[in-house]
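Worksheet: the structure to be examined is printed underneath.
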Ligand SMILES: Nc1ncnc2c1ncn2[C@@H]1O[C@H](COP(=O)(O)OP(=O)(O)OP(=O)(O)O)[C@@H](O)[C@H]1O
Ligand SMILES: [Mg+2]
């Protein structure tokens, strides 16, 4: 039995995007950019949480580091666009490693609490930068040099930029798929599932976690840089913790440790967002839609964790020889397990 | 009315996704000592936990004095008169010895009764008397084991489930603890004992069960198991 | 490369000391001469801020000890209490006449409270046992306030109950079912973030609703409590404390003189105080006193609870070993419910005090939460006394740091938030087990 939920939803999502494209091309381009941006961020979180079990609640902070690194380099020093992307990834990775060093060997709570604090710390720092400097403080950072400025037609330029973002998304996806299926990825999963058992393979767990958080942060930084060059303007207050949790919802809905699922989750969250934005003009509820959406994010997190913790597209179990033996020898017990899985009664 | 105090029928149980016990039939009658022996990981502790509602029973039934208590909550089972001493983490390390004993008598409302109980229990375990103010976390292994049993006795249980009470104790302490168990039984308590030390455990027992990979490999009077030509050699390391 | 954790701590502390000495040197006397006279004020401000931190952080510690995960919704639970109190205090009575809307809210509370209490009598469900009476009292307080005018006591009760109820509900509806299904630590944390978002944006929705339909702005408002202002001087070796707010009402203001000759109550001439007295060494408000008394009550209450009462000992037992506690016949669920309830109630008072001290807005609890996390981690996550000490240490670091920043350049005070966070980072690097770790090492 193969679970087809993922496939069906994927087709629906693709259909909706195609429908958008038929109606309004530049709106669709914008949508595609956001899909690519969030997908990269969500994939990076999946690397950290889905594969290595690291609870990074400060994702938005790393995105901000990437965005501001790229923004400042471009606006103040005129550094060329590709170099800015690289620098953004490196800067975010450095911050990620700085935080990972003391925290990844601690319990998950510490990492969670530290990362969320650091995410906010970064935003508050950015808010308090002098308004007359290139950083711009609460007024935001302006003067980022547009990429692809050799293309004169702005529409074509947008197409080129969105195209590049999509290419970078595919690059990330393939990189992480390779990772996930490599021995390294399996080590990460084993760390996530059983800290104790994987301790027996020595202090490597520490290095792997460090690596996962550093690489995850680098990708978040890259996403941030893409964001900076798309809007050519940055404001600290766009990097609110809510963004982090939006990304978490994407991973949880999609299914952890499943990159395709996470991309699907990203698309679903963004489409829900866009569709409610559109619906708001037609349907009037005694509710403020933006706040309502955030409530919905909270509710979705809870409901998914409760009723479908594996996400829409569950992680494929690694069929080790032992599992096959179990299937052969104890089919009855496996049935009990399957019964028990669905509805566990508790008073 | 049956005189089986605890009985399991075709018990299949485990943890989450793992099935550990594959159809166990087990019983203990009043004032018996029944010893469960078996290799490491054979599911001895899990059997106790399944009886107590800690491990999940997937199939089969657990009866206490004829009542179905399958997957009942542990606090309810314990209120019915079932005492339990786990294999590990069997004292409250952040509470003093006295507070541990008080917790054992949690279900007894009358303060005078609790004090009387404490005196009785301390008479059985006099070593604890001098350590009432000490944190249980700072006790030695043997003292902890004593405290764990004393704590379980506080509630005046009708039946006690003891999971390897002699593990990691010096030989002197082992005999001491096993003698205490006999004493407790003689005072009218039914005992289910899980023992690593098969010979000693079976010597004080009336009947025994040999558990191997989650199944009952052999059961019968304790003496029979001890003298069985193969069972002992195969599973229990007895000569 | 491989340093023992003690060596690391020592090296780290040495670096911190050197850095501090350098900063001290670099800032020079011009800065320190401004900071030194403020030191008494810094201490008393530390007291207030520490109290406020403690009331929030202690709840995080409490639920952590029984549920074993960091509750990210705790701050928002506090906001709910603050809003409940704010709405009661400001809107239960409208220009002397009972406000129709508030009366309805009160009635709904009373009726649902009665229904749930009756449901408890039928089902003996331990959650309903708490929920029913809590709603009943909340409703009754609203009704009472509608006819007599709300006072701060009623607002406090309302804040405690509202937060306690939300805290308990979040546990019963979300965390408990999740952990029964075997959710991991991270999943529980994420779920609590879900709860946090839901509560916070529900409050945002409420402020929007109020603006839209009642034309009443209820966000970024002052709480509306008139705080009395006290000032203290040292004159001829005696400490004089006067309630300067009273100068608005009368010519003479009440004062206390504390000196070698004993304690005496007097009245001072308001004009004298205003024009002839020197710069006060200290100034503080009612809130300093209320919060200190509350913290004292909490500490004494918790100590008695944990050391003397059966339920308190059961609480410690459950925190230490839930399976064994159940084997003793302790109803673990009820004890855990109690922990969530108490944590919520304290968050309610904390939220109320924060709102009085600053402003009321839906993000209030979230802003405090991050500081409270820093406190909880510094305190060693789950240690009661560690949390207590950490509250005042962080508060002092913040107050002292702000004074220094202000002395350098008043604009720098915007970095105030960085101070507790930097201390937090430092702890993470040097002593991740926090203060409790230091204590257990010695024992
Ligand atoms: N909480 C748990 N979750 C998952 N598996 C468990 C758990 N507790 C025990 N097991 C597994 O169940 C099997 C049986 O364990 P159990 O503790 O019942 O063995 P035992 O016979 O008591 O062994 P020992 O003599 O070492 O105490 C073991 O393979 C063990 O790894
Ligand atoms: Mg065992």
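In case you wondered, yes, glycine gets a Cβ from its N, Cα and C as well.
Sequence-distant neighbours of the transmembrane segment (C:49-70) (same chain, 6+ residues past either end, Cβ-Cβ under 8 Å): 77-78, 167, 171, 175, 179, 185, 188-189, 192, 288, 291-292, 294-295, 298, 315, 318-319, 335-336, 339-340, 342-344, 346-347, 349-351, 353-354, 357, 365, 368-369, 371-373, 375-376, 379, 381-384, 386-388, 390-392, 394-396, 398-399. As annotated by TrEMBL, transmembrane segment applies to C:49-70 (among others).
TrEMBL lists C:77-95 (among others) with the feature transmembrane segment. Long-range contacts of the transmembrane segment (C:77-95) within its own chain (CB-CB distance under 8 A, at least 6 residues past either end) are made by residues 56, 59, 101-102, 138, 141-142, 145-146, 149-150, 152, 154-156, 158-163, 166-167, 170, 199-200, 203, 206, 216, 218, 221, 223-225, 344, 347-352, 354-355, 360, 362-366, 368.
Per TrEMBL, transmembrane segment is recorded for C:101-121 (among others).
Annotation source TrEMBL lists transmembrane segment at C:128-150 (among others). Outside the transmembrane segment (C:128-150) by six or more residues, the chain places 84, 88-90, 92-93, 96, 98-99, 102-103, 105-120, 157-158, 161-162, 164-165, 168-169, 337, 341 with a CB less than 8 A from a CB of the stretch.
Within its own chain, the transmembrane segment (C:156-175) has Cβ neighbours under 8 Å at 59, 63, 67, 69, 73-74, 77-78, 80-85, 88, 127, 130-131, 134-135, 137-138, 141-142, 188, 191-192, 194-195, 199, 336-337, 340-349, 351-352, counting only residues six or more beyond its boundaries. TrEMBL lists C:156-175 (among others) with the feature transmembrane segment.
If one looks beyond the transmembrane segment (C:182-203) by at least 6 residues along the same chain, the residues whose Cβ comes under 8 Å of a Cβ in the stretch are 67-73, 75-77, 79-80, 83, 166, 170, 174-175, 362-363, 365-366. Annotation source TrEMBL lists transmembrane segment at C:182-203 (among others).
Summarising the annotation, TrEMBL assigns transmembrane segment to C:287-306 (among others).
The transmembrane segment annotation in TrEMBL covers C:338-356 (among others).
Remote same-chain residues near the transmembrane segment (C:368-394) are listed as 46-47, 50-54, 56-58, 60-61, 64-65, 70, 72, 74-76, 78, 299, 302, 306, 350-351, 354, 420-421, 423-424, 427-428, 433-437, 439 (criterion: CB distance under 8 Å, separation of at least six residues from the stretch ends). Per TrEMBL, the feature transmembrane segment maps to C:368-394 (among others).
Note on the transmembrane segment (C:338-356): residues 51-52, 55-56, 58-60, 62-63, 65-67, 74-75, 77-82, 84-86, 130, 155-156, 159-168, 170-171, 223, 225, 227, 287, 290-291, 294, 298, 311, 315, 364-365, 368 of its chain, located 6 or more positions outside it, place their CB under 8 angstroms from a CB of the stretch.
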